């Protein structure tokens, strides 16, 4: 796309495509990456944002306490489901269906039970981690369909940016392990390349699976043609319902007909012990009781996590007679067809929907790398144009616009997210619609962060917002016990990993932002002598360097050949 | 153990591959220009074999689908670690690679917990 109409090579045109597709949706993609990465810890965030649950401490009797509580809470229900506390959840999440209740979600009643006492816990109204999770694929304050379209479109451009970026970056293999710090634009480019290339499998996976998850919305024509417009049939088959019809739900239905026969439920402890032996790795995740209190009752124990992605991380189950506690034959697992298996592997990875905490951490860290990739790319856009700006002697409006939006969307989102957690604790519990106020607070802070850099020099704006973010994150673990939550010492002592994990993650975020503040406060690069001849002694380093450059130190050993490489790359773009 | 073994072996594998590269060979005390292309090929092949061994460890621990995903994730961080070592402590890269290879092999033999 050259203005002068001269012919251009594939690499130039790809570079053009990469620069502009990256810039146009970069801010949105950054927000999607950021909130999406946090969503890998959605359950932990949910627990932390409901401090009323923090006193719930699991014990060996938790399952029995939960079942006893259900006896009082919903004695006539057709089915109970208890999701037991685990590393990501500190209380029992109970749900049940009353006889004659509406089908699906509408007919399901829910309660949160204290894992130590079995008492029902009334917690504050909050959207919790779900807000960040929803925001990452359907944004907010617009019809869901629009949000999904916008994010879907951005995801498609992200895919375009990945492919064009790989083509543009011709030294992809020779530069594989290369990072050259303190070299302005060169360092930014290295950081952008490293975060993109080294985590490429993750980036491709996450964008491609993101597209798969939104595929039915973006390209519905295939389904409409194959299923003659009956999209319901498609989704049903996708989930394997066609073959699986008549599962656990049937038992509850039959039991409804004969309420007279009362029978006490078998003791759960021996069943749990049996299950524990079978699943030493994941243990029991949830208990489903069908037709509780009747002679036909069954108890189904579900494993705490799946071990394969092919079946969407589905877990295995054990079925027992609800009265005698005798083992029964569970339903046969269904074979998974190849196309569905492929789709399942991608989508369940995207959703992080399986037990292994270490794998989720890997996904989370990869998400952080992706976030850094988006951030370094956008900063690079500005850094790259600094020489042009210097030549002009003034800052073009477009450049200033990008600069301001960079600060507000990158640093500002950190501040807004930290503020969201603060609002969770500071807005009075009894306030009507407080969940919405938390979200309004989030957007107000974000908006202020977008306006703030208009008034400040870019470097100062970066520094101030990063400092605020670091401070807000650092004080969250202190705020937690002061506003009714469990302190880090308590949560660690009681093995409440969801709460402790959140506090520790906030401390880690505080450290990351603090290092960036420290980095920005160092004497500016322009004041130091240039490292090597031939490398731009760019005053660009004034603004360069926020996210990727946590490292300090010398460029020893990597200087050779830098000049040539940087020249070649600059020419190519 | 699995993560440790797979990560350390991946680091050693990448180090072997880097040692065979023009840009990084010197940092490992190898004069890549002077080496015969055969020797370079051996280093590279050795690196890829080590990557395979690291994958094998993951496959032992997880179901195939999760193993491949986790392995790719570990590769990212192994490569990043090596990149940082080559940037900030290039003279230690060689020793470090030897240590990780040894430790990785040791952990490889430890049965999964």
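Just so you know, glycine gets a Cβ as well, placed from its N, Cα and C.
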Segment assigned the feature transmembrane segment in TrEMBL (from A:107-133, A:188-214, A:215-241): A:188-214
Of the residue ranges A:439-455, A:524-540, A:541-557, the one that TrEMBL records as transmembrane segment: A:439-455
Annotated stretch (transmembrane segment, per TrEMBL) among the listed ranges A:338-360, A:499-521: A:499-521
Selected stretch (most C-beta pairs under 8 A with the transmembrane segment (A:499-521)) from A:20-41, A:146-167, A:361-383, A:404-423, A:467-493: A:467-493
Leading contact stretch, A:20-41, A:188-214, A:439-455, A:467-493 vs the transmembrane segment (A:404-423) - CB distance under 8 Å: A:439-455
Ranked first among A:20-41, A:361-383, A:439-455, A:467-493 for CB pairs under 8 angstroms with the transmembrane segment (A:188-214): A:361-383
Stretch contact, the transmembrane segment (A:361-383) with the transmembrane segment (A:467-493), Cβ-Cβ under 8 Å, 3+ pairs: no
Long-range neighbours of the transmembrane segment (A:20-41), counting only residues six or more past its ends (CB under 8 A): 129, 132-133, 135-137, 150-151, 153-155, 157-158, 160-161, 164-165, 206, 352, 360, 363-364, 367-368, 370-371, 374-375, 377-378, 381, 402, 405-406, 409-410, 413, 417, 501-502, 505
Contact set, same chain, for the transmembrane segment (A:467-493): CB under 8 Å, 6 or more residues outside the stretch: 48, 51-52, 54-55, 411, 414-415, 418-419, 421-422, 425-426, 499-500, 503-504, 506-507, 509-510, 513-514, 516-517
